[in-house]
Amino acid sequence: MDLANHGLILLQQLNAQREFGFLCDCTVAIGDVYFKAHKSVLASFSNYFKMLFVHQTSECVRLKPTDIQPDIFSYLLHLMYTGKMAPQLIDPVRLEQGIKFLHAYPLIQEASLASQGAFSHPDQVFPLASSLYGIQIADHQLRQATKIASAPEKLGRDPRPQTSRISQEQVPEASQLSQLTSNLAQVNRTNMTPSDPLQTSLSPELVSTPVPPPPPGEETNLEASSSDEQPASLTIAHVKPSIMKRNGSFPKYYACHLCGRRFTLRSSLREHLQIHTGVPFTSSQQGESRVPLTLCSNAADLGKDAMEVPEAGMISDSELQHISDSPIIDGQQQSETPPPSDIADIDNLEQADQEREVKRRKYECTICGRKFIQKSHWREHMYIHTGKPFKCSTCDKSFCRANQAARHVCLNQSIDTYTMVDKQTLELCTFEEGSQMDNMLVQTNKPYKCNLCDKTFSTPNEVVKHSCQNQNSDVFALDEGRSILLGSGDSEVTEPDHPVLASIKKEQETVLLD
């Protein structure tokens with residue numbers, strides 16, 4: 001069972017989200033105009049965006065106004081979200097070019113039918129309607145748009161549009177010269193035909209809508225006030241209330257005035273300047289780069305120029321992807337990656353970590369030199385060298401802890417079964433009384449017997465605390481004296497039992513005699 005108007009409700013909700021910028025995961029920038037949209041909707045109608053989002057994860061897509069104009073993209077975006085033609089007159093030629101650029105094949109048939117039925121003069125450029133749909137426009141763009149409408153004579157004398165530094169860096173010198181000569185030729189034609197200087201001096205790419213000239217009195221006043229400013233590349237006079245100002249989420253680029261490389265960090269730009277000057281880069285203790293006094297003026301001018309944000313000539317998506325993958329943009333966002341002067345030495349960090357780890361590991365094995373953080377870990381490691389201190393008298397199985405020996409049950413266990421405790425090992429490993437729960441587990445029916453004097457005790461702590469005063473203690477003292485003799489170097493006593501030590505000592509004596 002199909003629900004009525006389900007698709008219409010979905011389109012209305014998506015369009016409302018787009019106009020308010022809610023849940024929009026993509027921003028399309030065309031010059032100074034920014035469109036909020038959803039990637040899924042754009043990819044559904046445009047193969048261009050579909051392939052772009054496959055290979056690019058950026059949330060901002062920058063397009064050139066020469067590829068598709070903002071009014072055309074707004075018209076197509078409204079058609080994608082609503083399925084209806086906007087109440088807006090659009091040039092069919094530019095509309096067809098925009099559809100071909102976006103590869104929006106599902107919209108070709110609808111746009112062609114609308115253009116054939118609604119437009120009888122395809123060569124005429126119609127004005128924009130009262131609104132563009134879901135866009136953002138910079139504040140200076142609106143101010144310059146009102147001034148260009150009232151200063152046609154100023155525009156005729158200086159027809160060069162204001163372009164961003166990114167587009168100027170990518171265009172070769174030959175293309176810039178050819179564009180300059182074409183603009184000069186257009187200026188000459190406007191001087192010869194003064195009837196309509198605004199429409200004939202600029203190409204349709206620079207001015208999308210003709211604006212009627214103001215009265216002569218107002219023209220002179222506005223011309224004097226805007227003598228130091230250049231005209232904008234797009235004239236958009238009406239926006240919707242949902243349009244917001246440009247925020248600081250878009251990255252700023254710091255461009256080198258010598259080679260054109262761009263950086264997102266000013267410190268990276270300062271380091272790059274040393275390549276051109278040949279002066280080695282040095283950093284102070286505060287982590288800030290020091291530049292020679294001869295470069296202060298250039299660096300100051302460069303910093304002012306670099307603060308300008310790309311405006312009219314935005315790069316396309318393919319060029320943006322190429323720039324993001326290439327090493328041209330060396331710096332990253334300051335919140336993600338600090339400048340090189342703020343990054344500490346890796347060797348010093350590793351050395352500090354090692355010293356900190358040594359302070360933490362204060363329990364050291366006297367035999368192999370390993371260090372441990374907890375005393376219990378060190379004690380269990382010592383049992384590797386000395387042997388486990390608790391042993392079952394029936395099955396001769398050894399245990400590290402007393403509670404393990406207490407829980408142990410043998411198949412051949414009898415009433416006479418006991419746990420043999422190695423007193424030497426416990427004294428060497430500084431056996432300590434455990435928690436109350438461990439003591440409850442240790443107190444079992446099996447007694448604990450000392451391996452030196454064969455005395456029986458109820459807990460292993462009593463075995464450690466008692467003193468052996470019989471023959472076995474004397475034997476233990478003799479064994480300790482023998483170990484001391486092994487270390488002192490008496491070769492006559494230790495030679496039959498330790499031939500390896502005797503041979504080493506003989507070699508040392510021969511070396512001393514030679």
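Just so you know, glycine gets a Cβ as well, placed from its N, Cα and C.
Swiss-Prot records SUMO2 cross-link for one of Lys154, Lys245, Lys375, Lys449, namely Lys154. Between the listed ranges 280-300, 301-321, 427-447, 448-468, Swiss-Prot ties the annotation zinc finger to 448-468. Looking at Lys371, Lys397, Lys423, Lys505, Swiss-Prot tags one of them with SUMO2 cross-link, and that residue is Lys505. As annotated in Swiss-Prot, SUMO2 cross-link applies, among Lys147, Lys252, Lys391, to Lys147. Counting only residues at least six positions away in the same chain, the Cβ atoms of Lys371, Ile373 sit under 8 Å from the Cβ of Lys362 (SUMO2 cross-link). Around Lys465 (SUMO2 cross-link), taking its Cβ as the centre, 12 other Cβ atoms fall within 10 Å, counting all chains.
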